[in-house]
Structure formats: C-alpha cells, structure tokens
Amino acid sequence: MKKFYASLFAVSLALLTSTGAFSQQTAVDFFNEGIQKSNAKDFTGALQAFTTAIIMNPENAPSYYNRALAKTSLNDIQGAVSDLDQAIELNPQEANAYLYRGINRSKLEDNRGAMQDFNRAVELSPNDAFLYYNRGLCKLQLGYSAAALNDFNRASSLSPNDANILTARGNCKNGLNDFRGALADFGLALEKSPNKTTALSGRGYSRFKLEDYKGSLADFSRAIELAPTDADLFYKRGLVKTRMGEFDNAVVDYNKTLELNPNHYKAYFSRGFCRSRTGNAKVALGDLDKSIEMDNRSIQTKAYYSEFITQNMLPLFATVVQERYKVAELGDDRADAYIVRGMLKNANGDSKPALLDLNRAVELNPTSAESYFIRGIIRSSLGDQKGAMIDCNSTVRLNPRHAEAYYLRGLIRYDTGDEVSGCADLSRSGELGYVQAYKIITERCNKTVR
C-alpha cells in the first residue's frame, strides 16, 4: 500500500505575517519541512509548513497534494478535496492526486465523482494494485458487484499477498453468493493476517450461509474478542444463534448490539423475532415497531440548528474576541471606544445596546474588519443570521485571513442549509489557524453529501 502522509493543520497567524521568516527560507525549504514533519507525525507543524510553501509559491502542485493528505487525517474531507482540485489543475498527470481525491469523494458519498477519479488514476498508472482495489470498493458502493470483482481480481494479480485485497474480494464474492469462493479468499487473508477482524467476520458469514454454524460461531466469537465494541459482530453472531434455534442466547447478543449501537434497527427486528418465538409477543411487537420507525425516520432535522450556532459561537466572544482585540491607543474617530463598550455590554447580557454601539463603530470606521466581525457575532446571538452573514462577508472582504469570520460564516451557512459552503468556510477557518473549526468539521461535515 502507498504511504499516506498525514498531518494536522492550524496555521500560525504570526508565521503568515512574519516577513522575516519568509526572507530566511524559501518555498522549497517549507515544503521539505512539511514532509519531514509529516514523517515525524508533527501534523500541526506539517500543515503550517505546507500552507506557507503555498503562500510563497502557489503554483506548486505537490504542496497542495500533501496539504490535502494532512487535511484528510483531520477528517476535513471537503478541504482535502479542494486542495486536490488545485493539485490536479496544476498537474493533471499525477495519478495519486486522482486516487486520493477519489477516496475522499467516496467518504463524502460522491461515488460517481470518485469513480471518475479512480478511472483516471488507473489510466495514468495501470499497474498499481491500490488503484484497482479502491475502484473496486467504489463499484461495490454503486452496486456493481461483478465489475468490482474484476478490479479485485486485477489488484490481487498485482499484489497477491495483500490481506486487504483478499478480504475485499471475499466480501464481494459473498455479495455475489459465491460463498465457497469467498471462504477461500478469507482463508488466504487470515494466513497473511490472522487477527484481521474483517476477514474473520467475512468468513463467519460465508460459513453461516454454507450452514457451518459451529465454524461461523467460532469466527464471530474470535472477531468479538479482537473488537469487543463492534456492534455488528454481536448482531451477526446473534443471527447464527437464531438460525440454530438458540433464541434466548441470540437475544443476549442483540441486547449487546443495541447497547453499543442504539440505532441498529436490524437488531430490533431480529430481537423481536426471537422474542416472538419465546412467547413474548407484546415485547416483540415493541421491538418490531422500533425497527420500522428507525428505518424510516429522517436522519437529521433543522430544528436544533439555532442551538447549534449558539453553542459553537460562544468561544468566539468568550475567548477569541476579547483576547485578540487589544487597543493600543484610541483614534480620533473613537470607533474603538464603541467597539470595546459594545463588547462589555454584550458580555453583561445587554446585546441590543451592544449592537447600537457596534453600529456606531462601523459608521465611524467602515474599513475596520474587526468592527464588522464583532457586530456579526452580536447579530447572530440576537437571531439575525442574515445580518451576521453580511457582516462576515464584509469582514473577510476587508481581511481575507480572518479565520474566526470564516468560522462564524461557516456555522451560519451550515445552519441555514448551505452545508457544502458552510463546511468549506470551516475548512478555510481551520486552515488559517482557528482549530475549533475542526471539531465541527469532524462532527458535521463528513456527513454532508456532495
């Protein structure tokens, strides 16, 4: 498998504005520093170095490529795709850029876009097993099992000892009802990697379908020993026990499944089935009702989004604004006096009077990015998200490197349904050094479908 350089980000504003640092080192120096720090797992320093290299030389494709890998390691998937877009634009002949953009698109459930990338990567590097392996996984997601099998066969011929490829091919064969063929692949994979839980689980399922229940139980039990928090392993072992007529023992496994994953609607169904066979019809109906409700329930609603914005906006005013806004001397226009007074009023809960002060500050100094930003925070806290968005736009227009403004605008955009743009803003915020953005990216943005 190819080595995947991973790195965290967090851009230091001091570094970005330090002309002295730039004059002493070249873009090549910062790029090499990024590679070294990636290898040393100094992920924060690596992303900082790649970003600086890009600022100094924005035409270097490898800088975008390696920064994309850093963002991927932070679960900033959309941010990684954006960097890979740029890398490909600068160097459209680099197979790895298409490969990793395809992998990230798959994570965003953009499987058709990912397929296009994998196809292009294979064209550029037709003897790379990893490319066929990833394209095969993508084809499985799209339901093209037979075509996926062809890719896994090709990958296996290029790398016959790779346990991941053998396991993937085994799972593909299970999906095609070739359980004996799958059994052989899982056996080979386990010879190479005896503790590979996915191979044990796959072989357990093959044995289950071939009615080798004793062997199936042994495989699932061993997999559970290795991965005791994997809800699906308990569920599958429960299926074997159900088929064997051990309904009470199966219920124990389904209970554990639901303890680990309360939203596992299939476990509710199977537990309900077992309970119906043991005379607990009323309880069984409750389980079956839950299995139906969970299967058809909308995954996410917008009802809680105002709370989402408020909760994630608090650090902006509580810490960032008050720490970074330091007035050395009051100017003749006195705009800073209105800003500081507005901040104090807002901190005391007087948001409406605070807004009046910030309005006056903007009137007195309409080129102050900080005035718009702080007013945007106050407007958002008062529920005026449209006004807050306008202020964020003004802030980044006046100061394109204002990380916190991108963060607030990202929250609002995500909240109001423009999730892709919101996540892009959050990615930019993190890129500029506001690390809090990555908490939201991890929790929210990887669920956004492109």
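Using the three backbone atoms N, Cα and C, a Cβ is placed for every residue, glycine included.
What TrEMBL lists as repeat 'TPR' is 27-60 (among others). Look at the repeat 'TPR' (27-60): DSSP puts its residues at 27 helix, 0 strand, 7 coil.
Annotated repeat 'TPR' per TrEMBL: 61-94 (among others), in sequence order. When pLDDT values are averaged over the repeat 'TPR' (61-94), the model yields 92.
Taken from TrEMBL, the feature repeat 'TPR' applies to 95-128 (among others). Secondary structure by DSSP for the repeat 'TPR' (95-128): 27 helix, 0 strand, 7 coil.
Among residues of the same chain six or more beyond the repeat 'TPR' (129-162), those with a C-beta under 8 A of the stretch's C-beta atoms are 1-2, 95, 99, 102-103, 106, 111-112, 114-115, 118-119, 121-122, 168-169, 171-173, 175-176, 192. Under the heading repeat 'TPR', TrEMBL lists 129-162 (among others).
Long-range Cβ contacts of the repeat 'TPR' (197-230) within its own chain (Cβ-Cβ under 8 Å, at least 6 residues beyond either end) map to 163, 166-167, 170-171, 174, 177, 179-180, 182-183, 186-187, 189-190, 236-237, 239-241, 243-244, 260. The feature repeat 'TPR' is assigned by TrEMBL to 197-230 (among others).
The repeat 'TPR' annotation in TrEMBL covers 231-264 (among others). Same-chain residues lying 6+ beyond the ends of the repeat 'TPR' (231-264) with a Cβ under 8 Å from its Cβ atoms: 197, 201, 204-205, 208, 213, 216-217, 220-221, 223-224, 270-271, 273-275, 277-278, 294.
Sequence annotations record features per position, and here TrEMBL assigns repeat 'TPR' to 335-368 (among others).
The feature signal peptide is assigned by TrEMBL to 1-23.
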Check your understanding: Would you list the DSSP helix, strand and coil counts for the residues of the repeat 'TPR' (335-368)?
Key -> 27 helix, 0 strand, 7 coil
